[in-house]
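Novice: Annotations per TrEMBL:
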- Tyr249, 262-266, 304-311, 403-405: FAD binding site (BINDING)
- 10-140: domain 'Photolyase/cryptochrome alpha/beta' (DOMAIN)
- Trp335: site 'Electron transfer via tryptophanyl radical' (SITE)
- Trp390: site 'Electron transfer via tryptophanyl radical' (SITE)
- Trp413: site 'Electron transfer via tryptophanyl radical' (SITE)
Amino acid sequence: MTLRENNASKASVLWFRRGLRLHDNPALTTALSSGNHLYPIFIFDGETAGIYKDSSYNRVRFFLECLQDLDSQLRAKKGKLHFIQGDPVEVFDALRNIVPFELVAFEQDPEPMWETRDAKVKSFLDQHQIKWSEEISHTLWNPLEIIKTNGGIPPLTYEMFLHILSVVGDPPRPVEDPEWSSVKFGSLPANIGNGLTVFPTIPTPEQLGYFQGNSLGQQMRWFGGEQTALRKMKDRLKVEERAFLDGIYLPNQARPNLLGPSTSQSAALSFGCLSVRKFYWAVHDMFNKIYDGHTQLNQSITGQLIWREFFYTMSIKNPYYGEMERNPICLNLPWKENSEDLAKKWENGLTGYPFIDAVMRQLHQEGWVHHVARNAVACFLTRGDLWISWEVGLRLFLRLLLDADWSLCAGNWMWVSSSAFEQLLDCSSCVCPVNYGRRLDPQGEYIRRYIPELRNYPIEYLYEPWKAPLKVQEMAGCYIGKEYPERIVDHAVVSENNRKTMENIRLTFVDGTPHCCPSNIEEVRQFMWLPESCSDYLCTNRK
């Protein structure tokens with residue numbers, strides 16, 4: 001490609017979308033390799049990085065903290081992150097009249113909703129003879145390569161996905177950190193034209209039109225940014241190391257802790273302030289060091305990251321992945337209609353089932369809940385109790401969760417609701433909202449934290465407060481049906497009805513119906529974060 005000739009210093013633009021970090025950033029490496037002046041920019045168009053008009057304050061604040069951390073690091077190196085509000089094509093059109101940039105480097109955004117944005121930008125850059133470089137680093141592998149290796153279609157089961165990974169080989173190692181001493185940064189004027197807004201510093205959520213609601217009861221505050229993510233990764237690796245020494249893996253799954261500070265890296269991975277490749281290889285290298293290479297490399301020790309890759313691969317060429325009817329891998333189930341009232345009570349933590357309500361209230365207050373808790377409330381909304389479409393839950397999670405990856409959220413909701421990634425409605429059990437909570441929170445501390453009206457209930461009634469005698473309710477200062485709601489459904493009844501409904505629906509499907517499903521029972525157990533024996537907190541629906 002012939003580049004424009006210009007006597008002024010040439011420039012490279014590093015276009016951040018996600019991938020909000022300096023470590024393991026191939027796009028940064030590419031931008032710096034040209035020797036040009038570097039212009040790091042973030043373009044806020046109301047969609048990039050999954051920040052939409054209805055995104056929660058918690059999510060937007062976390063995202064802006066990631067940008068603030070990035071800007072602080074760049075300023076320490078005599079640069080800055082240029083935050084520009086507007087349409088990406090209009091931004092690049094304005095920039096090229098100010099800066100003679102010859103390269104734009106960016107990280108691949110693998111989800112299909114970003115294809116239109118990126119295609120317009122690439123077309124514009126090609127039209128103006130400006131080079132661009134799209135680097136793979138938001139995922140461990142290139143999803144397109146996995147699909148190509150599988151004959152042009154995504155692997156329909158996780159087991160097949162693992163087989164394709166064995167053919168493709170290990171993911172790349174992280175790239176080296178750049179040498180910053182020779183980096184030359186460019187500067188931009190306060191006004192670049194085209195009616196675009198250039199912020200002198202990273203804006204606050206309020207400056208972008210996001211305002212905090214009622215945060216009463218918030219117990220945990222999450223902070224965004226690369227430096228925080230790297231510190232948390234060190235803490236997480238200590239947990240992994242202790243688990244490996246004890247002969248277990250996936251400690252977050254084996255020993256879920258609903259109350260303590262979370263070691264999850266999901267929000268940092270979602271915004272890319274932590275490299276998934278750095279995390280993956282840190283865990284595997286530690287495993288190999290502990291076992292001195294005598295144990296074969298096992299993808300199970302980073303199973304949650306592999307599931308992340310699987311869902312990205314399944315969604316990359318499927319723009320309808322986040323909905324039911326037009327989604328080719330999703331069963332079109334007859335979910336209950338006119339269920340807005342029930343859905344609203346579920347959303348606001350008013351189901352009358354304390355464990356379910358505690359999870360939903362934590363979600364609103366803090367923007368994050370443990371993944372075992374997500375499975376519980378997802379099952380309750382869909383096939384377990386309310387028989388409401390998983391699309392309702394997906395929309396809420398995408399709005400509230402700090403780590404709301406569209407591909408991952410939709411994949412999880414389809415699986416738990418038996419709409420996809422599940423053996424053709426072959427569900428003889430569902431999560432019991434009473435026993436499941438008891439197993440995860442045997443002392444009731446989690447419920448008392450997020451449902452203060454029940455804090456004085458004795459433990460024997462805390463998970464089933466409707467069974468408490470009036471005298472107990474009086475002594476606890478909380479009457480069922482007044483200070484805390486009655487059950488909106490009887491789980492024993494509705495779960496049995498839903499099981500029969502699923503059996504009847506299954507009979508209407510002919511053999512060979514295209515559908516994603518688990519490979520085996522062990523896969524289901526691991527996905528649902530269940531221990532070896534799960535009868536104590538699963539409702540088998542058998543009388």
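Heads up, the Cβ atoms here are built off N, Cα and C, so glycines get one too.
Please treat TrEMBL annotations as automatic predictions, because they have not gone through curation.
Provide an account of the burial state, proximal residues and distances for the features listed.
Specialist: If you draw a 10 Å sphere around the CB of Trp307 (FAD binding site), it holds 19 other CB atoms from the protein chains shown.
Note on the domain 'Photolyase/cryptochrome alpha/beta' (10-140): its mean pLDDT in the predicted model is 96.
Just so you know, the Cβ of Trp335 (site 'Electron transfer via tryptophanyl radical') picks up 19 other Cβ atoms within 10 Å once every protein chain is counted.
With a 10 A radius on its CB, Trp390 (site 'Electron transfer via tryptophanyl radical') counts 29 other CB atoms from all the protein chains.
In sequence order, Ala378, Thr382, Trp390, Glu391, Gly393, Leu394, Phe397, Ser419 are the residues of the chain that are 6 or more apart from Trp413 (site 'Electron transfer via tryptophanyl radical') and have a CB within less than 8 Å of its CB.
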Novice: Give the number of CB atoms, excluding that of Ser264 (FAD binding site) itself, located within 10 Å of its CB.
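Specialist: Taking all protein chains shown, Ser264 (FAD binding site) has 18 Cβ neighbours within 10 Å.
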Novice: Reported as an integer number of Å, what is the Cα distance between Phe310 (FAD binding site) and Trp335 (site 'Electron transfer via tryptophanyl radical')?
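Specialist: Given the Cα positions, Phe310 (FAD binding site) is 26 Å from Trp335 (site 'Electron transfer via tryptophanyl radical').
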Novice: Of these binding-site residues, Gln304, Phe310, Ala404, which scores lowest on Cβ atoms within 10 Å?
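Specialist: Per-residue Cβ counts within 10 Å for the binding-site residues Gln304, Phe310, Ala404 bottom out at Gln304.
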Novice: Could you measure between Trp307 (FAD binding site) and Trp335 (site 'Electron transfer via tryptophanyl radical') for me? Cα positions, answer in whole angstrom.
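Specialist: That comes out at 27 Å between the alpha carbons.
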Novice: Between Gln304 (FAD binding site) and Trp335 (site 'Electron transfer via tryptophanyl radical'), how many Å separate their Cα atoms?
Specialist: 29
